[in-house]
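Lifted from TrEMBL, the feature list:
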- 293-365: domain 'DUF1736' (DOMAIN)
- 482-515: repeat 'TPR' (REPEAT)
- 516-549: repeat 'TPR' (REPEAT)
- 550-583: repeat 'TPR' (REPEAT)
- 584-617: repeat 'TPR' (REPEAT)
- 20-38: transmembrane segment (TRANSMEM)
- 112-135: transmembrane segment (TRANSMEM)
- 201-219: transmembrane segment (TRANSMEM)
- 225-247: transmembrane segment (TRANSMEM)
- 268-287: transmembrane segment (TRANSMEM)
- 354-373: transmembrane segment (TRANSMEM)
- 385-406: transmembrane segment (TRANSMEM)
- 412-429: transmembrane segment (TRANSMEM)
Amino acid sequence: MAQTEINWDQQIPLPKLSPFHAKIAVALVALLCFINSYDGDFVFDDSEAIVNNKDLIPSTPLNNIWRNDFWGSNLSSNNSHKSYRPLTVLTFRLNYLIAGGLHPVGFHVLNIGLHSLISALMIDMFSVLIGGLAYDGNGNRLNHAPKASLLAGLLFAAHPVHTESVAGIVGRADLLCALFFQLSFLTYCKAFRGGRESEEKFSIHWIAVSLLLCTAAMLCKEQGITVLGVNAAFDVLLICNVNVYELSQRLFLRRKAEDVSERVRTGLLIRLALLAMGGASMLYARWRIMGTGPPAFTEVDNPASFADNVFLRIVNYNYYYSLNAWVLLCPWWLCFDWSMGCVPLIKSAFDWRTAWLLLLWCFLIGLISQALCSQDSQRRRTLTLGLVLLVVPFLPACNIFFRVGFVIAERVLYLSSAGYCLLLAYALGHCCGRWSRCKGLLRASLLALLCVYVARCALRSHQWRSEQSLFTSALSVCPLNAKVHYNVGKNLADRGNTSAAIKYYREAVRLHPTYVHAMNNLGNILKERNELVEAEELLAKAVLVQPDFAAAWMNLGIVQNSLKKFKEAEQSYWNAIQFRKKYPDCYYNLGRLYADLNRHLDALNAWRNATVLKPDHSLAWNNMVILLDNTGNLAQAEAIGREALKLLPNDHTIMFSLANVLGKLQKYKVSKPRERNYLQ
């Protein structure tokens, strides 16, 4: 274990702070970067994961959290996303309980606080990975790289790529995963509190605690299991001080077994076996919980994974890696979604974009050669551990082990960015040591970089405060992304600006001609504007592309009903019900169709089904009362009206309809108070 001062650390133009003050400084920078998102709305994925997630409601059994996925769907369902993050959902539920409802401020404040805490704890991780693990006589961990760890911590706290994880509430999964990731690593370090001799004498207790914290990280987000790889690399490279390149040479040249055993000791093998068994147990449990198998993603989500040509698939995956690297290096072009044409596929080896992936691998190969072959053991160790922290947390998102549901996702870089910040701090530190005469210029450059990071974070977190600003900001970054145009259009429509929404929906359909949700929403707007022929064409195309799209079938039925195509409308409604068994609104519209055709009994049955599925369906109740009134079934109308008011005692429309019925029955004493209640 490295226990000497790092020479180049002293050249970094930062003050040497005590551990406590360094953590406070980093936490304050993290707070400064994202504080303006504290009063933001629920945006983008927050709607599904929080607003519409019944697992947050106190009346929902707490056990549901352990049976459902992150979005509230049962894990055994084929429609489940299979993202199992019960501890994250539990924190959402606690936010709901404390605030007494869905108030976004509490959710945002906790996210900002978590990022500040994680940024502060990163100093401890960086101090170990850069300066080594050493303790004083009182058992306190020493920091042999105080300035380098502070610099890396500041870069991490202010990196703009973290905005999605901090300002987007669903990013809580990444934050909690990172927190338990750190705690698992730091706890693993505690197993070696005896100095160099602890290489063989280590604490099983602390390793077990580290595995439990790894499990907690995985229950926040699947990426958490990768801490086992970081712990293993730390053990091999720093605790046992193994030269990986030298060891591989010995094995390759088949040197004597004793030579190899000098480097690979029994204690290391035991610890690696414990980590491997723990990881295998977690993966097996995760596989059993997942139930029906991995989630089914579409070509829209990750087009490269559907490429027929294996060579082009590999080329596109590597191009995605280069884009992730660019987002870390220059986090100016950030977008909430990178799918649906945002990153066009590379379809030829002669595409100019292949130069980017060649550049990436040239840089990585150069870095790896320095990490493995450098004569400086401290450089070898720091670069290797930095690469491990950069690459290992990214492995679940790299499409190697399984298909993922995105092209680029800034949130998955939250942990990997720590490795990038470590490598960047190392590079800046060496520049300061080599160019000590230009220390003033280096100090100004470093300050300028941090100021740019902070300013970019503030701007980006402000964009995440509302869906309008978030979606609009993506138009300049991903103009070819149909989902961006769709979300801008949807936001405009929700705010009542349907004329402007039409433009963006049309562009979404132009960019992605099989975008059924854009067709459905555009068809709905055209229906309201009485442009029924085009609306029918769009909705018919939507159900042709996706035959099980129940909402589009129902909307198609409404349009066909307006066009007097009653037979086709009835069939469309039944198709919708076939694909969504519990669809009260569809039963309501089916009842309206039957009423128009004077099929009164069928209409009543359809509306009754709507109220069974949704007892507070006011329109269905009211229509039943009116229909029975109009057909002279006053006694039955009265009974239905009274039944409805038991469920909806303050519904003035039902009160008025029932008052009319009671008046016809000459029950004036009951009728007049209901009329007065309605007039109030």
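Don't overthink the numbers, they just go from 1 along the chain as shown.
Keep in mind that glycine also has a Cβ here, set from the backbone N, Cα and C atoms.
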(request) Determine whether the transmembrane segment (412-429) and the transmembrane segment (268-287) share at least three Cβ pairs under 8 Å, counting only pairs 6 or more apart in sequence. (result) no
(request) State the residues, same chain only, that lie 6 or more residues beyond the ends of the transmembrane segment (20-38) and have a CB under 8 A from a CB inside it; answer 'none' if no residue qualifies. (result) 105, 108-109, 111-112, 115-117, 119-123, 146, 149-150, 153-154, 156-158, 162-163, 166-167, 450, 453-454, 457-458, 461-462, 464-465
(request) Would you kindly check 201-219, 268-287, 385-406 and say which stretch has the most C-beta pairs under 8 angstroms to the transmembrane segment (112-135)? (result) 385-406
(message) Same chain only, please: residues at least 6 beyond the ends of the repeat 'TPR' (516-549) with a C-beta under 8 Å from a C-beta of the stretch. Say none if there are none.
(response) 482, 485-486, 489-490, 493, 498, 501-502, 505-506, 508-509, 555-556, 558-560, 562-563, 572, 575, 579
(message) Should anything in the same chain at least six residues away from the transmembrane segment (225-247) have a Cβ under 8 Å from its Cβ atoms, list it; otherwise answer none.
(response) 1-2, 128-129, 132-133, 181, 184-185, 188-189, 192, 198-199, 210, 214, 217-218, 260, 263-265, 268, 271-272, 275, 278-279, 282-283, 372-373, 377, 380-381, 384-385, 388-389, 392-393, 395-396, 415
(message) Looking only at the repeat 'TPR' (482-515), how are its residues distributed among DSSP helix, strand and coil?
(response) 27 helix, 0 strand, 7 coil
(request) With a Cβ cut-off under 8 Å, give me the same-chain residues at least six positions beyond the ends of the transmembrane segment (268-287) that come close to it. (result) 84, 191, 199, 202, 204, 207, 211, 214-215, 218, 222, 225, 228, 231-232, 235-236, 239-240
(message) Using Cβ atoms and a strict cutoff of less than 8 Å, what residues sit near the repeat 'TPR' (584-617) while being 6 or more residues removed from its termini?
(response) 550, 553-554, 557-558, 561, 566, 569-570, 573-574, 576-577, 623-624, 627-628, 631, 644, 647-648
